[in-house]
Amino acid sequence: MALFRIYSFLAPFHILVLCQALRNYPDNEVTLLDSMSAPGDLGWEAYPSEGWEEISVMDERNIPMRTYQVCNVMEANQNNWLRTGLIQREGAQRVYVEIKFTLRDCNSLPGVPGTCKETFNVYYHESNNAVAAPLRHIRESQYIKIDTIAADESFTQTDVGDRVMKLNTEVRDISGLSKRGLYLAFQDLGACIALVSVRVFYKRCPLAVLNLARFPDTVTGGDSALVEVRGTCVEDAEELEGPRMFCSADGGWLVPIGRCVCRPGFEEVDGHCQPCRSGFYKASAMDAYCVKCPPHSYSHQDKASECVCERGFYRAESDPRSMACTRPPSAPGNPISMVNETAVTLEWSPPRDSGGRGDVSYSVHCRKCSGETGASERCVPCGSGAHFNPRQFGLTHPRVLVTELQPHTNYTFSVEALNGVSDLSPSPRQLVSVNVTTSQTVSVILKERKGTDSVTLAWQGPEPVDGTVVEYEVTYYEKNQQDQNYTVLKTKSNSMTVDGLKPGTTYIFRVRARTDGGYGNYKGEIELETSHEDMLAVGDPNQQTILAISVAGGAVLLVLLVACFIVSGRRCGYIKAKQDPEEEKMQFQHGRVKLPETRTYIHPHTYEDPNQAVRDFAKEIEVSNIRIERVIGAGEFGEVCSGRLRLPSKREIQVAIKSLKAGYSEHQRRDFLSEASIMGQFDHPNIIRLEGVVTRCKPVMIVTEYMENGSLDTFLKKHDGQFTVIQLLGMLRGIAAGMQYLSEMNYVHRDLAARNILVNRNLVCKVSDFGLSRVLEDDPEAAYTTRGGKIPIRWTAPEAITYRKFTSASDVWSYGIVMWEVISYGERPYWEMSNQDVIKAVDEGYRLPAPMDCPVVLHQLMLDCWEKNRSDRPKFGQIVNTLDRLIRNPSSLKQLANSAVWEDPVTPEAAVNTVEDWLDLIKMGQYKEHFSSAGYVTLDSVLYVSSSELDKMGVELAGHQKKILSSIQCLQAHHGTQVQV
């Protein structure tokens, strides 16, 4: 018993050290029995009475704890039992038994015979009864053995002296439970042991919220199988896919499947659904978060699933709830009518306000009016007689052709712009109207006289006339030869003498008038036969008179010339030197003076047979003379290759070859070859040269001279900063000379840009790209479509954008942009501004600033090219003269535009005293309220404005920012301050 007392004394010391840690259990463990937490005696039953003994000890908080000890090691045949009360299993099919104990090393007990043991047994018994049979009647067969427990560490007398206790922990599981509860029994066969703690628990998967689904506490299964658990959505959430998870045997959640989502009007926040606050909405459960109401809509209450449109704004039925509310467009602008007899072409510009939508369409309404003035004028719908091409309603482009109108009739056409919400607005539609009067044809042609090689015609103009007659067009051809060749002549007179005809040949003549409203129709035909040559002597007395006068006049002129040379050769030489060189080329032929010939561009569309235009202006090349070497690019119609051309009796040259891709239509073939028929009319060192075409075999080819350095924009970017100003001027001079030649031939390029200028090895620049189709759909610089393709907004003059009015003056505007591209080494005009912002900025007076290191005189020439009034822009001939003068006088290029601010202290900014005056000076007055609201009310405060602050103020256009910041630099120079902007 002495040993027992020693043990009972030492065991509490060990408990005090560890008890606090023993009471913290994981969340997934549910305790059914914990001996350390019992408030009083455990009341377990022991048998025999001298076996297991309940001992009460104090933990570090002076809370009593109950333990059981036994140490009957001196006597053999020990069989001491200890049994717990009924432990309710609470539905668990598997429970765990955790035993914490200390055990004395038998070898450390002096004088103990071989009866000492170092193990004990643990049993359990299932029962539905809370009262068990007395332990003295226990039969071991009634209990199921869990295990024999041995200590991993046992303590000795030395450990007792050193106050070192060794605590063992063993955990065993019991599965397959089915009854109400179970009893645990501990069997001692002669060990010295203390049960410090006995805990019975089961494992569960604790309550969890995952993917907005709540999964309840779930008891693990009776074996290692997973238990499938179905979750329920949290409040204000709904199932997207049935949420499920699996509870594992060790009490952990595995394999989440499915999820819940917050209902419309709610968003997920920290695992629950929170209502959208005012001003926000969530339209669909599939959306993750509440978002701010789209422009022109609002939500005044929480939980909004959609936002309501502001007054005057609407949302179409097909519009998503995330789309901004929109409104009907404003009226179209700038209507233009072009009358061609009984047909009218109507064009207009898109509405200034599209209503915020991209589905703008147009409808055209036609009324036929009586022509009376004032209130007595009566108009009625045109009815089905007028034909609209492509259609009358639902037009997607701002253009329509109206045909089959009645001649000499007043019409009113009203154009309205519509979009997807026009039908939702109660406001009346906004229209723009234009009045036109259909014109009448030229009256019948009259023959005045005819000769062997000429015919004189006369006619009367249209009456009444729609506008002023600009000119008349006379077309004639040999009878039965119309399909092969015909000639077009123009005159401002009501009569014309047609020369160069074949004697004794029958011709067909037709005449039509062109007024401000366009061309009229041809009025009838007149068939005339020229006289035979042998009829002149005895025939027309007029011819004899003309011949006699011609002979006499020639004789007199000859006498005068001889006298001039004899009397004063020097004086006549002086007179000749002052004479127009063109006058020397005059010749007398058949009694008439033949005037010098002026070349004029002939549009391929004037040919009824486009193939004839190709034959007239382009040389056919045998394909055997061409050798293709490599592909250098791809064009609109097919590949572009480099190769060699070898013509008979000529040296081999390098050429560029455009080929027409397979599967082309006849229309594509005509468009492809039309470029050749245009290029073939030009002969200038700064215009790309046509070598010829291949049309008699496939693929069809256009062969041009080869330009080694490719397009000018790419070439400049590749060689940024590597040329002198004089070299750049030489390039610009070549481009201007080529454009002067084109303008003198009455050819308008329409797409002059650095990308359409080619550069050869000698840095000679040549104008290219003369295609008729102007299909630029893949060009990122293009904007809205016209009859000739898309317009490259950044290079195009304002009148050409607004009214489709392309002239040599609009080419001059484009040339100014090319100048800017060249000096900036291929920088993109207007930088990253959108096309619409460019149109708006230019219309408000903004012009591109001088590129870096740009001479002042060059930037001024650019500004001259960008005059809003096209008549104020220089002609190409003037531009060439200006560039020649600058090249001859390099000193004029020294002053740089971007350094002029610092060199000249007297700037326009020096004369202003207020922010408002300053903004008006630089034509940025629309931003007065922006500056005032931001607190910039004095010029001193403006000195420190940066680009980021301009963004905050709402000055978003990049061009406007550059203009304001540039002027701020002038202000800083005047005030002696320099701030990084």
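Heads up, the Cβ atoms here are built off N, Cα and C, so glycines get one too.
Checking N340, N709 against Swiss-Prot, you find N-linked glycosylation site recorded for N340. Summarised as a single figure, the pLDDT of the domain 'Eph LBD' (29-210) averages 88.
Long-range C-beta contacts of R755 (ATP binding site), restricted to its own chain and to partners at least six residues apart, with a cutoff below 8 Å, comprise S711, L712, D713, T714. Within the set of glycosylation sites N340, N410, N435, N485, the entry lying nearest in space to G710 (ATP binding site) is N485 (CA atoms).
Broken down with DSSP, the domain 'Fibronectin type-III 1' (328-441) shows 9 helix, 52 strand, 53 coil. In the three-state DSSP assignment, the secondary structure recorded for G710 (ATP binding site) is coil. Secondary structure from DSSP puts G633 (ATP binding site) in a beta strand. Set side by side, the glycosylation sites N410, N435 differ in how many other CB atoms lie within 10 angstroms of their CB, and the most is found at N410. Within 10 Å of K658 (ATP binding site), judged by CA to CA distance, lies none of the glycosylation sites N340, N410, N435, N485. For G633 (ATP binding site), the nearest of the glycosylation sites by C-alpha distance turns out to be N340; the candidates were N340, N410, N435. Comparing the Cα of Y706 (ATP binding site) with the Cα of every entry in N340, N410, N435, these being the glycosylation sites, the smallest distance points to N340. Across the fold, the C-alpha of E708 (ATP binding site) and the C-alpha of N435 (N-linked glycosylation site) stand 54 Å from each other.
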